[in-house]
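Reading through the structure tokens given below for one structure.
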């Protein structure tokens, strides 16, 4: 039942979004050809009309009221006031009874109304906070409310992100000369075809693989072998990554057609063995890093500041996701994982360990790091299936893989993961060498 409901939801989501974005693509192309200097205004008008047509006048008024409130706060040019006002606005959608009270103003009902309501509202708050914080740093004057509306009502980003910080968006849409890089259109076409294929694959995947239903049946899951259970846990993260990659990939392709450079889709889950890179929405991650994590942690050399920065970041993330027991646990364990990773790194940078690693060959150093990376990978899997499934399923997987499956299943799964991390690290090393060679070639030219 859960998989069938998700398939129906995904199909409705796909049809509505493709219809709205297709209109935007046609509209944006006409605008960029006829009035390129005013294309941001045209995007805003289309976005306002699309939001009005899909969600109604009351919803639009709710969004505009929050925009006006945060614009008014930005006039004071006080960062702390922008944070307080922005987080209070975000809490008004994520904390009951305020969220239900605001959603109650929206009349009518259709399948995706709740998703579009909370998606549009919460992403709007993040964008308005970015606008307010950037305005606070502006040396002379303040950006106009017209700039805020152009930024917030760019339709491809409105309901589902990614969040592109105001300074980047404003600089890119203000460019009058619209030029494409070599082979840029070819890359856009290739990405568009890949995402069409991915959408078809996702449809097939959701119709025939019951990865959402199985974890809820603990009696059945208990009968699975350790390997099957590990595969099911990993598949759930792959499912979430595919969903995010398809959604952000389609949106980013359209944004690139509009001469924007949006945040990239999430890094493949198979390549995540470091907590610092674990994010399924790079836009939100960039926002949190710029305005919270890097702002408090500064150069990230002080462990105490780093701890405060990470706790604050995950506290805001908890509010963003919606406070509840599972989100609290998810935030706690991921915050611990991020800080523990930092503590271990700092510990092994001490004199005796640094000298010991300097004596090792590059290959041996990578093997040792890969051994820790394999442990990290399964910690990331176990921590994040909390948010995707349930606490009971996460505890069952942990018990089976670390306690009941020890030593045969535990060590064999760890060894295979270790080999995978080694391959990933080697690929990253080769890519780094290629990038360095390209940089050297560019300097010579």
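These residue numbers are counts, starting from 1, taken along the chain as shown.
Backbone N, Cα and C atoms are what each Cβ position is placed from, and that goes for glycine too.
Annotations in TrEMBL come from automatic prediction, not curation.
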Matching range for TrEMBL feature annotation, transmembrane segment, among 96-114, 115-133, 134-152, 153-171: 153-171
Range annotated as transmembrane segment - as stated in TrEMBL, picked from 346-367, 368-389: 368-389
Contacting positions for the transmembrane segment (401-421) when only residues 6+ beyond its ends and CB under 8 Å are counted: 226-227, 229-230, 270, 273, 370-371, 373-375, 377-378, 382
For the transmembrane segment (153-171), distant same-chain residues with Cβ under 8 A (at least six beyond the ends): 17, 20-21, 24, 40, 43-44, 46-48, 50-51, 116, 119-120, 123-124, 126-127, 130-131, 134, 143, 147, 247-248, 251-252, 254-255, 258, 260-263, 281-284, 286-287, 290
